[in-house]
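TrEMBL annotations:
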type   : residues : note
DOMAIN : 156-254  : domain 'HTH araC/xylS-type'
Amino acid sequence: MNKIIDGRYGIRMETIHLVRLQPLWNGMRLTGHHWRLYVHDAPGAGVVVNGEKLELSPGFAWLLPPHGDLPAWCENPVLNQLYLHFEVARLTGSRRTPASAVPLDPVLTVLARELKEQLDSQAPALILTATALAAAALARLPGDAWDELGPDREIEELCESLRHTLAQELTVTDLARRLGMPVNAFIRRFQAGTGSTPYQYLTNLRYTRAARLLEEGELSIDDICEAVGVKDRFHFSRMFKRLHGLSPAAYRRGYRPR
């Protein structure tokens, strides 16, 4: 039987990396508007869920949904982590499931291995393989691990525009005005379409971009503040530490790409 596929669950890949976790993960908080996928090559690292340590064991693709806030820990100084950050249109995680373990079956194992082999490349194959790995892992989640968001084309287009205008000073009132809506009605509509408030979404976009720029190491912290639309460096440092668990300088020092 044929089925019409409308592409509603499109995946936008944001970050693809292989890193040595220590000392970066100790004290870090995992938050943001995106899904996270982790594959570890050894035991000894994980997250804290409801006050209890949860090890993200090797042999699994671990999926963490958007809008979580989990402290991270690492006790293994030689553990390497393959990780992806990505968005999925109209699909967010269930708050009942802060972390899901998907066994690395032969398909996922091959995709993870191929992705590691492609990491030094900027070819389209890198993005396509990462997207395939994310999609295959998501498809193996039980239905109660996610929640479907209602389709809202105008909100989706607004979110797309925000990614390209982070350097601008934007308020929730500005965003509501773009859609010609009262602020309170806009906030409710935005949350129904994304799973977060406009302020949370924009803040997560800004500080996720800031983290990526710190990892790249090419811009000063003042320049990064400017690039993500935060004019007060003290406020930037305080908010970055609140969201990521580390100061911008400590995050940059601790990041160890391989």
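Numbers run from 1 along the shown chain.
Backbone N, Cα and C define each Cβ position, glycine as well.
Note: TrEMBL annotation is automatic and uncurated.
On the 0 to 100 pLDDT scale, the domain 'HTH araC/xylS-type' (156-254) averages 88 in the predicted structure. Per DSSP, the secondary structure of the domain 'HTH araC/xylS-type' (156-254) breaks down as 72 helix, 0 strand, 27 coil.
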